[in-house]
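Asks: Submitted below is the structure of interest, expressed as structure tokens.
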Amino acid sequence: MFKLSASLLALALVAFPANAQSPIYGQCGGQGWTGATTCASGSVCTFSNPYYSQCLPGSATTTSASSTRPTTTTTGGGSPTTTSAAPAPTDAGNPFVGYTTFLIPEYVSEVQAAVANISDATTAASAAKVAEIPVFFWMDVAAKVPTLGTYLAAANAAGGKQLVQAVIYDLPDRDCAAESSAGEFTIANGGAADYMAYIDAIAAQVQQYPNVRVVFVVEPDGLANLVTNLSVEKCANAQTTYIQLVSYAISKLQFPNVFLYLDAGHSGWLGWPANITPAAQLFAQVLKGAGSGATVRGLATDVSNYNLLRGTEDPAQSPNPNYDEELYINALAPLLTQNGFPAHFIVDPVLVLLTSVPPKVTGATSRVPVSALVHPPTLATLIDSIVWVKPPGESDGTSNSSAARYDTHCGQSDAAQPAPEAGTWFQSYFVTLVQNANPPL
Ligand code: BGC
């Protein structure tokens, strides 16, 4: 992955219920919703759209789902209009609405094993709660596709409205601007054909379970690398292949039960003014390449990264005006709309670098009115769900400088070390995340 260095990380939230309250990130309201309408401690029921309210982290006292907030709507890229009540229903396509998200057994086992290795009882009890929060299943090698089938079968057997979350992550010459997540396929060695077979196998699995919804994040960092890293030879060489293969994936996964979110990097990457318009154009180009009638649900941001959904200005990013995910999404949405790409998002704020939250920098005050304008409450209508894509506790790259997939970012002094290979369990990092969880688990 294209990473930022990280030392002190925190779980963005948590808390799990033994009562009728919805857990953090759970649904707590919306048309037709019959479940809990109050949220677990540390979260607040937040109006998202007429169909969906979600428990999001917050220090406010428990709030009922009936509360709404002034909402701004933007149609067709036009000027936002502010209203004082919930808008008329405009969007029934949010896949998360009314569905129960399947817990990935592989991750539950990882967390349980980690808990067994934590001697402090308080930390262990907190850590155990992480297993109750849905994460995504990463198909980072083709051999994991049958496991997707196993999970779909289990979700199907569970009955009701089940949703399985997974990541499509096996492009040839993967992670072209870094090394830490280099994959199994190479372009030079027939990797494009291998990838198409991988996608076909995924399609075959999801087709078997039409009653189970599947949300896929498609290729973290893949297209983003083509926006900013074409000076890297491996990325330049992969450009055409990435575009063709992501279009191929979209075209082959057009099923009513499947919802695709292409990865869109994060605010500190594609949020920069020079990058955001080319990014929107590239996403649209890839979608068009999937053929007429093909669609995606939207984009995923902040996967395996450390940006806050709503942050304060970060001197390290200055003068990027889109310094948090909310600003990025709000800036990106109209550009997507102009290019005919659906402006819906999921955001993965699970890894939050607490120490990166800066004090207000000099001059920030003069930008407050601007921040107020570019933080319109429309955001809620753009986000389908806050999700945990990166399973917290899994490494994002080894710090072993002699490893084949060593990436210098992982060896920097402010990176968590010693880190094992990407995707493998990183116990000390997990414990730090749990201990820094905000609000506490
Ligand atoms: C790794 C994958 C892993 C995923 C989730 C990626 O950075 O390359 O192997 O499955 O993270 O932890």
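Cβ atoms are placed via backbone N, Cα and C, with glycine included.
As listed in TrEMBL for this protein:
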SIGNAL    1-20  signal peptide
DOMAIN    20-56  domain 'CBM1'
REGION    60-90  region 'Disordered'
BINDING   Trp138, Asp140, His266, Trp269, Asn305, Lys390, Glu394  substrate binding site
ACT_SITE  Asp175  active site
REGION    393-419  region 'Disordered'
ACT_SITE  Asp396  active site, proton acceptor
Asks: How many angstrom lie between the most widely spaced Cα atoms of the substrate binders Trp138, Asp140, His266, Trp269, Asn305, Lys390, Glu394?
Replies: 23
Asks: Report the recorded positions (Asp175, Trp269, Asp396) that meet this criterion: Cβ distance to the nearest atom of ligand 1 under 6 Å. Use sequence order and write none if nothing qualifies.
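Replies: The recorded positions passing the 6 Å Cβ test are Asp396.
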Asks: Hey, how far is Trp138 (substrate binding site) from Asp396 (active site, proton acceptor), Cα to Cα, in Å?
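Replies: Answer for this pair: 13 Å between alpha carbons.
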Asks: Here are the binding-site residues: His266, Lys390. Which has the lowest count of other Cβ atoms within 10 Å?
Replies: Lys390
Asks: Could you tell me which three-state DSSP class Trp269 (substrate binding site) falls into?
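Replies: The three-state answer is helix.
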Asks: On average, what pLDDT score does this prediction assign to the domain 'CBM1' (20-56)?
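Replies: Mean pLDDT for the domain 'CBM1' (20-56): 71.
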Asks: Could you measure between Asp396 (active site, proton acceptor) and Asp140 (substrate binding site) for me? Cα positions, answer in whole angstrom.
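Replies: The separation of the Cα atoms works out to 13 Å.
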Asks: Reported as an integer number of Å, what is the Cα distance between Asp140 (substrate binding site) and Asp175 (active site)?
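Replies: So the Cα of Asp175 (active site) lies 12 Å away from that of Asp140 (substrate binding site).
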Asks: Measuring Cα to Cα, tell me the gap between Asn305 (substrate binding site) and the residue listed as 'active site' in whole angstrom.
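Replies: If we compare the Cα positions of Asn305 (substrate binding site) and the residue listed as 'active site', the gap is 14 Å.
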